[in-house]
Every structure is written in C-alpha cells, then in structure tokens.
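Look at TrEMBL and you will find 153-345 tagged as domain 'Peptidase M28'. Feature annotation from TrEMBL assigns domain 'Endoplasmic reticulum metallopeptidase 1/1-A TM' to 449-638. Per TrEMBL, domain 'Endoplasmic reticulum metallopeptidase 1-like C-terminal' is recorded for 660-897. Per TrEMBL, the feature transmembrane segment maps to 36-58, 365-383, 389-411, 423-443, 455-477, 498-519, 525-546, 553-575, 595-619, 626-647.
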Amino acid sequence: MALLLPLSRSSSSSVRKMKAKESNYDPNIHRLPWYGGLVLLALVALCGTASYWSFFYLPPALTAADLAQQPLAFNGARAWDTLTHLDALGPKTTGSRANEVRAVEVLEREFSLINASHHPAQQVLYEKQIVSGQYGINFFGSQMTSVYRRVQNLIVKLVGAEDRHALMLNCHFDSVASSPGASDDCGSCAVMLEILRVLSRAPERSRHSIVFLFNGAEETPLQASHGFITGHRWAREVRAFLNLESAGSGGKELLFQSGPQHPWLIEAYSRAVRHPFGQAIGEEIFQSGLIPSDTDFRIFRDFGHVPGLDFAHIFNGYRYHTRYDSVQFLSPAVLQRTGDNILSMVRLLANGNQLANGDDGRSEGSMVFFDFLGLFFISYTAIEGTVLNIVVSIAGLVVGCWSVLAVVGWSNWRSMGREMLHGFVATLLGSGAGVGLNLATAYGIDRAVDRSMSWYSSCWLVVGLYCMPVMMLLFIAHREFHRLFSKSKTVLSLTLTVQARIVGVFLFWALLTIGATVYGLRSAYVIAIMLTLALFSMTLTALLKLQSFPGGYWLIIYLLVHSVALLWTTQFYHIFTNIFIPITGRSGANDNPDLIIGIVAAACTIFTTSFLVPLVNLLRKPYRTIGTLFVLFLAALALGTVSSIGFPYTGPGTSPSDAPKVQRILVQHTVRQFHEPNSTQTVRSTDAGYLFRLWDRHNERTVRDVLEKQSPGKGASALEPTELPECKREVFCGMPGSAIRFTSLWSPQSNRPHTPDMVKLSLDRWEAVRRNANGSSIKLTISLNGSFQSTILVRPRRNVRLTGWNLTPEVPVKLAAAGHKAYFLLITHGLAGEPVPLILDLETDRKSDTVEPLVDISVTSNFWEYHEHFTEEFSRFVASFPSWAHVVPAVTVVNVYTF
C-alpha cells in the first residue's frame, strides 16, 4: 500500500518508469521445483565427498624394484622395512630395555649400514649422547620441574661443504606404555633414516650440514630434546629444524606449527613440497591448548631459540597411544608421502641461503599459510592477510549492492538494504538457533538417556545429529523471514531479492572476518577465502549482466563457483572432526563431549551451507526439503540413542580396515606407605588399591562394572581420591599427583602389588643455617635412590617457605589441584645411574624450640611394562575388561615422608 499511494499521484512518465521497473518482478514466485532443495543437499554431499577423498589420498609408495631407476629418491618400501624392525620391539618406554638397549641396537645397525654405503664425497659422523639435566615447564596448566638422568640421544651429522650452519631433523623412538609407537614416532625415525641414506649416497655434499636427532625420551615428556639443544656441541650450529611427530596413526603429515617468526621457513615449504598439507588455523588451535598434546618443537623454540616447522600425522587419533598404533594399521604410502615432502625441504634448505641468512631482516613476521585440497599451497604475511581480509570484506559488500542496484536503480537502495538486512538477521538468528538446538540435544543425550559419544565409532552420526538440525533451522529462518517480511509488490524480483539476501549473508561473514582480523587471528583467512569466492561469483554475474536474466544463468554461475567454495569449506569439517572426535576419548570425564562436537559441527555447517540457504526461497514447497532434514535428524537421534550403532567403542576386527576405536583405561595397582615423622624406614600405616584415571565420559561406568564383576560391592565402593579421609592431612591425599590433577577413582584392595624395588628416599643431612627466636633457616639434603620413573611432591607446612633448591635457579610455582598445593617434580631415568640429590632451603617463622614438622614429601614410583611382576589377581582383573577397552596397567608405589 505504501507503494501504491504515491504512484496514484505521479505523472505519466513516472508511471511508465515504474512499470519498467515492475517488468523485473517475477510473477512466478517459486521458480525451482521442490526437489531442487534435495539437489542442493546432494551438491554439499558431493563436494564433501570429494574433499574427503583428497583428505585421505596418499601417493603409492616406491618399492624395492624402483631402486635401480630412482636411487636418489625416497623409497617407502625401504623405510617400511626399518619401521617393521622398530615396531617388532613392542612398547619402548624410557628406561626400559626395549628402549635403552634394543631400539638403540636397531638404529645403530642402520647407521652402520648407511656409513658403509655412503658416497666417498660424503662425511657421516655419529655420536651417542647420554645426558642429564632439569628445567621448569608449564605442561597443560601444571607447573612442574622436569628432571632427567642418563637419557639417550642418537645423533648423526651429514657434514656440509661449509659446515658452519646446520639444519636439524628430529624424531623420537621411545613410546608410551602399551603402545609400539609405529606412527608416534617410529615411522618418523624410519623416514629420517631413509632421508639420511639417500643424501649420504649423493655424489656432492650439500652446502650446509644436516643433523639427524633420534631422541629417546620425548613421551616423558620432552626431555631428551632439552638435553640435546642445551648441551650438545652440534646444537650450536643448528639454524632451523624440522620436527616430525604424530598425534594420530597414519595419513598425511600436517604442517601445524611454524617459526616463531622467520617467514622464510613457510616460503621454503611452499617452494619445496610436492604434496602440501598445512593450515595456519592448525597452529593457532594447537597453541591455544585445545589439543592435549605437545611436541619437541616447544623445547627447541623456547630453550634453543631456534625456528622450525612442526609436522604431525593427525588421522585416526583413536589409535594414538594405544597398542593399535602398529604397522598393522599403517601402510608404506604414509612414509612415502612424508618422505617425499621432507626430503624436498631438506634439499632446498641445506643448499640454499636461508640458513646462513636466518638472522637478517627476514626473521620477523608471521605467516598465513594454507593448501587447497593438497593441489597447491599459498602463503603470505600476516600484514598482507590483514589488508586482504578487509579489502575482500568491503569489496564484496560494494559489488553485491552494485550488482542488484545496477538493475533496479540506485534510488531503490532502501529496498536493497532491507533485503540485505533480512539475509543478515536470518543468518544470525538461524545460526544462533542451530547452536542452541545442538547444545540442547547434546545435553539431553548425555543427561536424559546417557548416550553421549554415540558418534565416536560411527562418525557419520555427527552429520545427522548435529549438522542436519542446524541446516534445517537456517532454512526455516530464511524461509520465514521471506514469508513474513517480503512485500507483495517490490521493485526487486525474486531472483534479485535472493541475491540481496546473499549479500546479507556476506555481511554476516565479513563482520566476523574483520572482527577476527582486528583481534589478531590469522585464522580469519579461512573465512576470507570463502568471501573471495563469493566476491568472484558476484563480480562475474554483474559483469555478464545475468542478475535477472530469465534463464537463471546467474544461479548456474553461482552454484559452479560455490562448488569450489564447498570444496574449501567441507575440508575443515573433515579436519576438525578427525581431530576432535578421537580427542574426546582422552579429554576427561567431567565435560560432556557432545557439547564440544555439537559446537564444532554447528560452526562447520553454518560455514559450509550459509551461502546456499537463501536459495530456499526459490523453491516450490520448501518445507519438503526442511522436512527431509528433520526426518534425517530424527533417524540419527534414534540410531544414536536406542540402537547398538550408538555404542561408542569397537574392538579389533579381522583386517586393518576394521580399525578399533577403543576406550582407554589406565589402572595402577598401587601400594601406599605412610612413614613415621623424621623416619625413612618405619612405616606407620599402609594400604593398597586400584587407581584409575578416567579418560572419557564413560570410563567410570566401565570401571565400576568390571569391579562389580570381580567382587560384588566393589563397584559401588570405589570413590574419588578427594573423598578419602586422609585428604585433610596428607599431601595430595597420599596419592600420585595425577590422581588429584585428573578425575580418578580409587578402589581399595586387599592384595598388594609385587614391588621388588622402588625409589627410596634417604635424609642425608639436616642443617640449621640460621636459628633464633624469630625463626630459622634449614637446609635439607635428600637422596632419591633408584633408577625408576618417579614423581615427587614437596609441600612445606604452614609458616614454612621453600626459598631455594638445587634443581633450578628459581623456585617454581606450586602445582595446585583440588585445594592441594605442592612443588611437583617429574624424574625420568634412561640408563641406570647415581641417586638424584635434592637440596631444600627452608625458612620458617616458628620459634627455635618448635618441634612441628617442616615439610611433607611424597615419592611415587611408577613401573610401566611390568607385566612379569603383576600379581595373578591383578592380571586376571586386567584381562577381564571387554575387547573394546585398551587397558594400560602399571604398578605404583607411594611413599609419604614428614620431616
């Protein structure tokens, strides 16, 4: 009506002009058949499948038959042979014979063969470093002092022609308990050995030296690398490093950390690699602490102040740190791809100018980097990224508005602005509603039916449970905005209305891009690339003047260009779900994992489909498409909550394709001994039990069920360590520090573990340095005897302060958990050695005649891969867990002293 009133009073020329405008109005409001919505869904699925295929594609490995034709190429079959020898050793925990003797023998045998076959022009040097040290580090929010004694590094140097600057490659050959560590990280060591073999046979030396570091204590964590970078003479020559790691089991190696600064490293990667796979967003996510893992990259960066690149295999994280991280579930193609890329990087850096010029002006600045489906790699500086993000965001809005107003006239900018605002608000409300519904679904699945993690082994359920409802609500929001707020008569045809609302979607993402850019997030490039493709589509449509062409050619162009955008956006769904779904199996019992996956799935769905959603208003009977999404959501909900498909875990199958997705169980058969004050020999009380660390949401149920089968009533009697009565007086409840730091269960047991030896504490000296009526200073000299893995908790009593010790120049911050505070030491032994001295400088305000204790010390000895000493009852208990559980058993001894 508002348009008709002024029209009735206008001149005849105005009437003719308005009729010309009305000729753009499409009387057939719904241009596309109803099944066009299903075509859109199929397009998303098709592009998602294509990006998934590219995500997992690996080039075939070279075989022994290729050696004659390609003698200086990386050969995956030869690297695979090395890996099988390391894998056959089984778990290789630091300090075990498998790690300290047998793995060293395998590697040294390979070094001997390489040295015997190297080209006369090459010089290959080998040194074994047995190193001890200590340093302070904050590890996932826990402040600790890391102490290592006689851990081993095997170091090979391929001497360069100049031999002043060196490139370093690093891997670790140790593993966690109960895991052979084929991917983490023996596969990387096999890759390095093959690279060393190939380069040592080249007829000419590289310009710069190459140092190959095979370190034997990374899982402890990160200790042997510290010993090398702070204590070995070759470390002073290192100008850059490539760290080869794994946070999964196989697949592509992801470049996920770089620098810090030194953009030439990313430029070198861009020039050298044959199969790129790197995303700067991975670097920001990893360094945010969202992923419960760390690598030697941190040690080289923080203690060696050396720049580098960090690579890790991220696929199949279900097998990470389990017995299934073995060659049975890997392939030579994994080694071939990684080897091709790293060998190319090494050749470029070892023969270029970068290492010699690393400290010039090229050492400053962060980089934005990414690959597109492994086809090509793009990098640019963070400053260039800031400019690009802002320019694309503004240009897209300008071109989008110009494209529509060029048809209807600039005087109708209000109509354009109104429809653009409708597109923005509908996207905003639909996104908010989608996230809200996912959170409600996640809460209900966890609390009402107790079926969280139903998608853990059936990842496709995430699409039905958490992607379909978000897409459905986005469709509803845009459809209802169109129904409620569209004018019955408007200068904008339906196609122009939809295009204007697409500009509104562009506005939604442009604001997010600018906000992330202002906040300093390089990850804004992820959105900016999608906006760039949308800008290209709008520009092409406008230049060809297809905005309101009756044949719908603009839609064809739009969908073709957006298919490329879908390939870009869907790859992030695959990356994030492949990372975060397995992580929920080891992220703890307190948080609802469905909330995490629901948010990740919602964000990826909005990111992937938001530019398609406005097209719903071109459909006849759009609620058929919406209803289809709703039915798919209900089907996934039913499968996840009431069928066996929703059971989270699967055991091992009959072939490598039947890869297990197991529940992790850590059980420590523990004996606790509380000593009399000022005594290291007299025990005042002792008890035993099973200590369980709860890795995921369902650990507690599994543990209680197995305990109940062992002995009726045992399951119900298990309790959290913080509920024990001794928690009020004993340091960290008389438990290992991990029992309080992480959610745990304690089940008292009558059977004690066999403990043929343990770390024993002896008080060597008590010296009063200063004593008067106002207080005193006391020096305690303590020896920790026994070359076993141990943790120490030192808790000064009230009005007592630790002012110094012999481990680090400064006293660290106390570890705090569940109301307890203490100084935390982690002590690792590689080869057997001398006792570890601990000297404590204490100050107290107490009067000189006070006899109250000054300090409590808890010494925990951990025995991994200790099966031959298990009691029969404990062995039967471990064997009673279901096949879909990966049980890591250990024996633990806790000795609590008071002085």
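Just so it is clear, glycine is given a Cβ too, placed from its N, Cα and C backbone atoms.
All TrEMBL annotations are machine predictions without curation.
Given the structure is predicted, the values throughout are model-derived calculations rather than measurements.
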For the transmembrane segment (36-58), I need the partner stretch with the highest count of C-beta pairs below 8 angstroms, choosing only from 389-411, 423-443, 525-546, 595-619.
595-619
Looking at the stretches 365-383, 423-443, 626-647, which one shares the most CB pairs under 8 Å with the transmembrane segment (595-619)?
423-443
Predicted model, mean pLDDT over the domain 'Peptidase M28' (153-345):
94
Count the CB pairs under 8 A between the transmembrane segment (423-443) and each of 365-383, 498-519, 525-546, then give me the winner.
498-519
Can you work out which residues elsewhere in the same chain, 6+ from the ends of the transmembrane segment (365-383), have a Cβ less than 8 Å from its Cβ atoms?
51, 54-55, 57, 252, 255, 258-261, 263, 266-267, 269-270, 273, 275-281, 522, 525-526, 529, 567-568, 571
